[in-house]
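Working notes, structure below.
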Amino acid sequence: FMFLTKPYIILPQPLELGNSSDYLPVKNNLNMESYNGKYNELRSPDITKARATKSEQLLRIDDHDFTMRPGFGGPAVPVGVDVQVESLDAISEVDMDFTMTLYLRHYWKDDRLSFKSNTNQSMTFDGRLVKKIWVPDMFFVHSKKSFTHDTTTDNVMLRVYPDGKVLYSLRVTVTAMCSMDLSRFPLDTQTCSLEIESYAYTDDDLMLYWKEGNRSLNTDERISLSQFLIQEFHTTTKLAFYSSTGWYNRLYINFTLRRHIFFFLLQTYFPATLMVMLSWVSFWIDRRAVPARVPLGITTVLTMSTIITGVNASMPRVSYIKAVDVYLWISFVFVFLSVIEYAAVNYLSTLQERKERKLREKVGLPCTCGIAHPGMMSDCYSEVDVNTTGNYGMPEENGMRRERMLVELAMESDQMTGHVGSRAYSSIWIDTHAIDKYSRVIFPGSYILFNIIYWSIYS
């Protein structure tokens, strides 16, 4: 009975009033067209969706299959590329990589996107339309990580011209591998490359090229690095072959870096040189001053070891010798030899004292080798300054310079003079410091010669 007095009409699906179970009571004489018009006026239109739909209709997005490249089945589609380098952020010798931020722009023509325009003006879109059309599938070869910036929105721009030409630009930061040769570190020059290639399309489907040659690569004049001087940016194009897929066009962004040497001069070379020069001070210290010469030699050796360890801690563990290793290790050898030099002086002096003692025992004279005897009136070096190494103005004997040491001999009997308790003075020529004297000339001369050869080769 109720059904007969208030009939229900099932509204058709295109009206989008809900599911098929939704019913709306109307009068028997209801005009369906007037009702639909009033209902549409009540709905709030989605302005964003309406605009997107209008642009898609203008570009006829739904009329084409954009999963296929432009001109599928025909010749390869040319895709021009240019790059604006925004920054070169970090270069790591340990990880053998670099980080670069750049604007990557693609140029190609897709007739499917052509549209009519009375003003011949292009249309610019953001990243939302990029997902609905065909774009080149570029990737960075040998990259460790990369990302497209998304603050405040995705940094992607698409510009379409009436004749179907397309400009696709995006802002990318990429960390890529750079194989470095550190054999001349830190006097080295490194060349790194950022490689761009299509992932899916071979050169039969996509021809990748620099849009304007070397002028396709632009750099910011404010780019600078703390350790490197950027010498050159240039572009090249090559073909890459994969055995399973074929030949691909590959674009190269090459840049040359020369390392600043001043930091390493202050932190490595100058300290090492000073340690070597400090080790030479022991040649002017008397051989009997053991507490002075031994700690000096040990200190310089340990300091050189610390410098070598500190340099290698910040470097990759390569299997070849670097330029800085050559300098540090040869400096370490000079410091170590200065310690060995004193050991040789001390040993030879001991042998000489033993020979002197045996000689004096034969002639019946008391020993003057520094060993106390009951009859000694004073120290055997009483007339020689302990802090000097002798008088170098004395004449030479047998072709070699000798040092004169005055020894005071106390005679307890008159075996030699006939008077008891008298004093006798004898001048004895001994050669105790010949190694020290030669070392004062040989060590500095050899180190200066090494520096001349080193800097002439590596600089």
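Cβ atoms are placed via backbone N, Cα and C, with glycine included.
Remember, TrEMBL labels are computer predictions, not curated facts.
Residues or ranges marked as domain 'Neurotransmitter-gated ion-channel ligand-binding' by TrEMBL: 61-260.
Positions annotated as domain 'Neurotransmitter-gated ion-channel transmembrane' by TrEMBL: 268-360.
Outside the transmembrane segment (261-284) by six or more residues, the chain places 186-187, 227, 292-293, 296-297, 300, 303-304, 307, 311, 324, 327-328, 331, 334-335, 338-339, 341-342, 389, 436, 439-440, 443-444, 447 with a CB less than 8 A from a CB of the stretch. Residues or ranges marked as transmembrane segment in TrEMBL: 261-284 (among others).
The transmembrane segment annotation in TrEMBL covers 296-315 (among others).
The transmembrane segment annotation in TrEMBL covers 327-348 (among others). Tertiary neighbourhood of the transmembrane segment (327-348): same-chain residues 268-269, 272-273, 275-276, 279-280, 282-283, 287, 290, 293-294, 297-298, 300-301, 304-305, 307-308, 311, 432-433, 435-436, 439, 443, 446-447, 450, 454, selected by CB-CB distance under 8 Å and a gap of 6+ residues from either end.
Summarising the annotation, TrEMBL assigns transmembrane segment to 441-458 (among others).
When Cβ-Cβ distances below 8 Å are used as the criterion, the transmembrane segment (441-458) is approached by residues 184, 187, 276, 280, 283, 323, 326-327, 330, 334, 337-338, 341 of the same chain, each at least six residues removed from its ends. Taken together, the residues in the domain 'Neurotransmitter-gated ion-channel ligand-binding' (61-260) have a mean pLDDT of 92 on the 0 to 100 scale. Counting residues per DSSP class in helix, strand and coil order gives 79 helix, 0 strand, 14 coil for the domain 'Neurotransmitter-gated ion-channel transmembrane' (268-360).
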